Amino acid sequence: MAATAERFNYYAAACAIVASTISIIFGYDTGVMSGAMIFIKEDLRINDTKVEVLAGILNLCALVGSLMAGRISDYIGRKYTIAMASTIFLAGSVLMGWSPNYAVLMTGRCVAGLGVGFALMIAPVYSAEVSSAKSRGFLTSLPEWGIAIGILLGYISNVACARLSLRLGWRLMLGIGAVPSLILAVAIVSKMPESPRWLIMEGKLGEGKRILFAVSNSKEEAEIRFREIKIAAGIDLEEEGEETVDHVPKNSGGKGVWKELILRPTRAVRMILIAAVGIHFFEHMVGTEAVVLYSPRIFKSAGVTDKHKLLLATVGVGLTKFAFIVISTFLLDRVGRRRLLLVSTAGVVGALTVLGTCLTIVEREKGEKVMWALGMSIASVYAFVAFVNIGLAPVTWVYSSEIFPLRLRAQGYSLGVAVNRLMNATISMTFISLYKAITIGGAFFMFAGVAVVAWFFFYFLFPETKGRSLEEMEELFSHGFRSGRKQQSKGQVGQGNVV
């Protein structure tokens, strides 16, 4: 048994990497817009309200996309849903790169937003479903790698294109995202296998089992995973030799899921839903998007006035995000989700408090540069990005993609993503108005207060999921409120499972 647990499956890793590539395109679109807005505002002569709408509309459309993607992925499969997301991104990028005016730019942003919703919902679900329990934290966090790489590339594109003409620069920044979208769509359709869990859920036992053998660490592990998925899908265990079965329970096809998920959930499903929706809510309500999208404005408020230096400082945000996302992927399956989440959120509280204090001091000393406050502001922005990406950001996607039962996973996860996009849009579309109303320092003090509430939410409601199979999650959440604390005190019972 020890021998079967040691081997790392590189084919499963390759599948997760390909699926996560869609996140690079989304991350690029987010990062590049941070700097592009500076030039768009100047070229199209739009006010701050229109800038806010432009920044946030992508996430409102992503909310719609994520809700659509859950149902669609249950019907056409995870693989073709990822390909669909790439195609939608392609169309959005072409529109944004061509846009002669604000209306066309907004249309392209909306189309790209639908692709974002599809991508954010499906990439982590696919990665979770091809992964074994031993490597699931690492592989399911790969979409966060993709987002971090994309954001960094977007920031670098801002610097590279900033010296082009005003008319060409920002359009090239936005339009270039069409190239990887096209390549990815072709690669997914021609090379990537379907999720074995989805195939079995659809009654395609033979094909699902063959893929399970390809993505598992051993034959024994594949057999155990196959058996557990059949139980979760409600398929008779006696049907070992059947290639396909016709009598899969109705929930396996995506029907009746909303009723079981929202209207009449069991105690465990209710707690899972609260946890999934809650973590997606808090990921952005602590101000994550305010820093990622508006970092040039934050640095300008701190005292950095040169446009080129603003963009270079923003590249530092992308580098910090990428570095700590990479570190977190190696800690998720060793340290565990719960511990990383609590340490990360505590660090976020500290970083936001320091940032709010420094920006308040700079704002009061109008006309004078307070160099130590400027330095501390930049350092606290980087610290905030580091703490978010060592725990809160990757755990949000890993945790919510693995806790739903198989029959509810796609649509349950899509609901969490919809909340994520709604909160992202809320922060994106209100941050400028917020800091004008309560000062920029006051805005970050408010985010710090939200982070304190988030820490207690995670402490009491989030049990550890490290090392557990996807089919065990419903039992794990059956303890109700304070389940996180109870499971922590039990000392990780059952984490020796192979699956």
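Every residue, even glycine, has its Cβ placed from backbone N, Cα and C.
Note on the transmembrane segment (12-39): residues 51, 54-55, 58, 78, 82, 85-86, 89, 93, 112, 115-116, 119-120, 122-123, 126-127, 130-132, 135, 139-140, 142-155, 157-159, 162, 166, 169-170, 173-174, 177, 180-181, 184, 187-188, 191-193, 214-216, 292-296, 307, 310-311, 314, 318 of its chain, located 6 or more positions outside it, place their CB under 8 angstroms from a CB of the stretch. Residues or ranges marked as transmembrane segment in TrEMBL: 12-39 (among others).
Residues or ranges marked as domain 'Major facilitator superfamily (MFS) profile' in TrEMBL: 15-466.
Through the fold, the transmembrane segment (51-68) approaches residues 29, 33, 37, 40-41, 88, 102, 105-106, 109-118, 120-121, 293-294, 414-415, 417-418, 420-422, 424-433 of its own chain, all at least 6 residues removed from its boundaries and within a Cβ separation under 8 Å. Annotated transmembrane segment per TrEMBL: 51-68 (among others), in sequence order.
Remote same-chain partners of the transmembrane segment (80-98), defined as residues 6 or more beyond its termini with a Cβ less than 8 Å from a stretch Cβ, comprise 19, 22, 25-26, 29, 65, 69, 72-73, 104-105, 107-116, 118-119, 122-123, 126, 171-172, 174-178, 181-182, 184-185, 188-189, 192. Taken from TrEMBL, the feature transmembrane segment applies to 80-98 (among others).
Annotation comment: TrEMBL describes 104-126 (among others) as transmembrane segment.
According to TrEMBL, the transmembrane segment annotation covers 138-156 (among others).
Feature annotation from TrEMBL assigns transmembrane segment to 168-189 (among others).
Residues or ranges marked as transmembrane segment by TrEMBL: 310-332 (among others).
Look at TrEMBL and you will find 339-362 (among others) tagged as transmembrane segment.
Taken from TrEMBL, the feature transmembrane segment covers 374-400 (among others). Packing against the transmembrane segment (374-400) from elsewhere in the chain are residues 120, 124, 128, 136-137, 140-141, 143-144, 148, 275-276, 279-280, 282-283, 286-288, 291-292, 295, 298-299, 302-304, 313, 316-317, 320-321, 323-325, 327-329, 331-332, 337, 340-345, 347-348, 350-352, 354-355, 358-359, 362, 413, 416, 420, 462, 465: each is 6 or more residues past its ends and has a CB under 8 Å from a CB in it.
Look at TrEMBL and you will find 412-432 (among others) tagged as transmembrane segment. Same-chain neighbours of the transmembrane segment (412-432): 48, 51-53, 55-60, 62-63, 66-67, 69-71, 116-117, 120-121, 124-125, 257, 261, 272-273, 276-277, 279-281, 283-285, 287-290, 293-294, 297, 396, 400-401, 404, 443, counting only residues six or more beyond its ends whose CB sits under 8 Å from a CB of the stretch.
Per TrEMBL, transmembrane segment is recorded for 438-462 (among others).
Looking at which of 104-126, 138-156, 168-189 has the most CB pairs under 8 Å to the transmembrane segment (310-332), the answer is the stretch 138-156. Sequence-remote contacts of a segment are chain residues at least 6 beyond its ends whose Cβ falls under 8 Å from one of its Cβ atoms, and for the transmembrane segment (104-126) they are 15-16, 19-20, 22-23, 25-26, 29, 40, 44, 53-54, 57-70, 72-73, 78-79, 81-82, 84-89, 91-98, 140, 143, 146, 174, 177, 181, 195, 397-398, 400-401, 409-410, 413-414, 417-418, 420-421. Nonlocal intrachain contacts for the transmembrane segment (138-156), taken as residues 6+ away from its ends with a CB within less than 8 angstroms of a stretch CB, comprise 12-13, 16-17, 19-35, 120, 123-124, 127-128, 130-131, 173, 292, 311, 314-315, 317-319, 321-322, 325-326, 328-330, 332-333, 389, 393-394, 397-398, 401-402. Remote same-chain partners of the transmembrane segment (168-189), defined as residues 6 or more beyond its termini with a Cβ less than 8 Å from a stretch Cβ, comprise 18-19, 21-22, 24-25, 28-29, 32-33, 35-36, 39-40, 43, 79-80, 82-83, 86-87, 89-90, 93-94, 96-99, 108, 112, 115, 154, 157-158, 161-162.
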